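All remarks here apply to the structure that follows.
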Amino acid sequence: MASCPDSDNSWVLAGSENLPVETLGPEPRMDPESEGASQALRDSSKADGKELAGTLDGEEKLFQTESSQRETAVLTESAAKGTLGADGHGTEAPGDTVVQEDSQETPVATSLGPDTQDLESEIHPQNLPSSPRAVWKEHRCSSSDDDTDVDVEGLRRRRGREPSSSQPVVPVDVEDQAKGEGIGGELGISLNMCFLGALVLLGLGILLFSGTLLEPETGPMEEAELQVFPETGPETELVETLGNRQDEIEHLQASSVPPDSVPSLQSMGFLLDKLAKENQDIRLLQAQLQAQKEELQSLLHQPKGLEEENARLREALQQGKTSHQALESELQQLRARLQGLEANCVRGVDGVCLNWGGDPQDGKATKEQGHKGQEPDPSLLEQHKQLEAEAKALRQELQRQWQLLGSVHWDLQRGLRDAGRGAPAHPGLAELGHMLAQTLQDLENQGINTGRSPNDSEAWHQKKPHTQSPREWGGKEKWRGGQRDQKAEHWKPRKEESGQERQRSWRDEGREHTGRWREDRLRADESGSRKDSKRQDPKVHPRKDGNSHSVERQKHSWGKDNSPDALSSWEELLRRKYRPPQGCSGVADCARQEGLALFGVELAPVRQQELASVLREYLSRLPWAGQLTKQLPLSPAYFGEDGIFRHDRLRFRDFVDALEDSLEEVALKQTGDDDEVDDFEDFVFGHFFGDKALKKRSRKKEKHSWNPRVVGPREEHSRHPHHYHQG
């Protein structure tokens with residue numbers, strides 16, 4: 001009979017042949033508590049093994065190779081039990097042969113169920129057997145201890161050697177395994193739950209990052225979450241925790257997305273697409289933020305340039321203020337000087353300053369005395385210069401007044417000449433002419449006293465500068481009509497003044513004689529009534545239509561009488577201002593309407609070359625107009641690029657009237673008479689409209705001029721020929 005290998009005593013086979021004694025090993029010393037615990041562990045292990053035999057299919061496959069060997073060992077053990085069953089306790093008895101350690105193991109299924117874990121937690125890890133093999137060994141040893149006092153036939157027991165230590169020797173790997181199983185029993189569920197919780201938190205984090213939990217379409221994801229955590233029993237959870245972690249992750253993914261859940265896959269694809277779009281939006285936002293950052297950095301560098309610009313602007317503003325202050329001071333000085341000059345000014349009845357406080361000759365003498373003595377004040381020198389300039393301007397004004405009086409005298413002479421031809425003359429016309437002749441003689445005398453030679457006065461008188469009619473000039477002076485009555489009362493007393501009083505300053509004398517002439521304009525207006533009757537007719541000669549051309553002709557004729565250049569009269573045409581036609585649009589339309597209004601015949605647009613040939617033909621008749629033919633007044637201001645007259649900007653009859661006025665001025669300068677060019681308008685209009693239109697127009701003019709309803713009592717003398725108005 002074999003004994004326990006860890007017992008103190010050894011069983012020896014006794015026989016007649018005196019077989020050799022085989023030592024089976026020392027008998028383990030175990031206390032009753034350890035034996036009870038091991039017995040309970042063995043019973044519970046067997047019970048749990050039977051209960052979990054159906055669930056641990058994976059473990060049975062792992063022990064299939066060992067089960068065949070263990071069946072042979074069990075059969076041998078059962079045979080030994082039958083031989084050694086004399087003790088009556090149903091324990092295993094050793095056979096005639098020594099049972100190997102590998103054949104003594106029985107298949108015991110280990111499990112980490114809750115009952116086993118609770119039992120193992122109550123037992124100290126050092127007292128727990130490391131495996132079912134150890135449990136079987138303890139069971140054998142305990143059965144051997146029970147049979148120590150029983151005599152077995154053919155066997156005898158002897159005392160073996162004592163072990164080196166009082167405590168049983170437990171292998172290190174067995175102890176570590178026991179400790180690990182104890183710890184696993186305590187923390188197995190908590191670690192698995194922590195692992196599952198970490199997976200759940202990871203999934204929730206992914207869902208939160210993608211934003212799917214914030215959307216209303218959460219049906220498929222909720223189903224997936226329900227599938228991730230199915231309600232299974234504790235045994236299934238424990239079995240799953242024993243598997244590989246990779247298998248659990250794959251199982252989790254397979255359970256969360258089943259193969260037949262197509263809508264869930266579509267929703268996941270939709271979520272992935274949306275996530276990609278959101279990532280793209282995030283990249284765009286990052287690019288915008290980067291651009292804004294760069295812009296802010298550039299704006300941070302700009303204040304330096306702005307500060308420099310502000311400094312320049314401040315400097316410019318300061319300079320402007322300084323210049324403004326200087327100009328204000330200069331203006332104050334000019335105002336003070338002007339007030340001083342006005343204080344010394346002697347004003348006439350009409351409010352015009354007649355004397356500025358001294359004669360220019362006195363100023364020259366004062367200036368010479370200042371040079372002889374000491375240097376005068378620069379302000380005084382400047383004042384003297386201004387006075388000299390004013391004196392020069394006054395001389396020019398006086399010259400213009402002389403020219404005006406000469407033109408009036410010439411008009412009166414022509415009126416008297418026309419009256420001698422049979423026209424009724426006004427009773428006071430001869431007296432007015434005599435008074436004007438006397439005035440001119442007085443002015444000539446004053447011209448001699450002021451340094452003008454009598455020859456100059458006579459030459460000027462012979463040239464007879466032609467200006468606007470007395471009626472037209474009287475229209476300019478209507479605003480002074482309130483003072484004419486007062487001046488008329490003093491006409492005769494002033495005429496009889498002594499020669500000493502006439503020797504006053506040339507400025508005062510000129511003003512006085514000008515005033516005398518203005519007083520007599522009321523009488524001279526009657527002589528120009530014939531021109532007024534012509535102006536009332538809208539179809540009369542274009543040159544007599546308005547006052548603008550005659551007024552401008554007089555303005556431009558002043559100061560031009562002594563000029564030898566006859567082409568200056570052409571240049572005056574460019575300075576005229578013409579009234580544009582009304583009620584038409586376009587060159588052709590305006591030309592047609594003008595012809596119908598003037599002659600009752602449509603006028604074709606005038607061409608520059610045609611008009612130039614007409615002018616050359618007419619000027620060739622005049623012996624003194626050779627210079628005028630060299631440069632005709634056909635500037636681009638009157639003709640377009642195509643050579644067509646600009647009928648839409650000015651009327652053609654106004655342009656012809658201006659040409660006639662210029663020719664009259666040249667005729668006055670060259671011959672002293674402008675009657676030579678009286679037929680200029682008829683010549684030009686006869687070329688463009690025909691002689692029939694001119695005859696028709698002349699008959700209308702005669703009929704209109706002899707109509708008693710049009711001609712007033714003072715306008716009877718206006719029935720005389722047309723050339724009277726050329727003056």
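Even glycines carry a Cβ here, placed using N, Cα and C.
Here Swiss-Prot gives coiled coil for one range in the set 203-231, 377-405, 638-666: that range is 377-405. The phosphoserine entry in Swiss-Prot, when matched to the candidates Ser34, Ser164, Ser698, corresponds to Ser164. If you compare Ser143, Ser505, Ser529, Ser550 in Swiss-Prot, the phosphoserine annotation sits on Ser143. Confidence across the coiled coil (270-350), taken as the mean pLDDT and rounded to a whole number, stands at 86.
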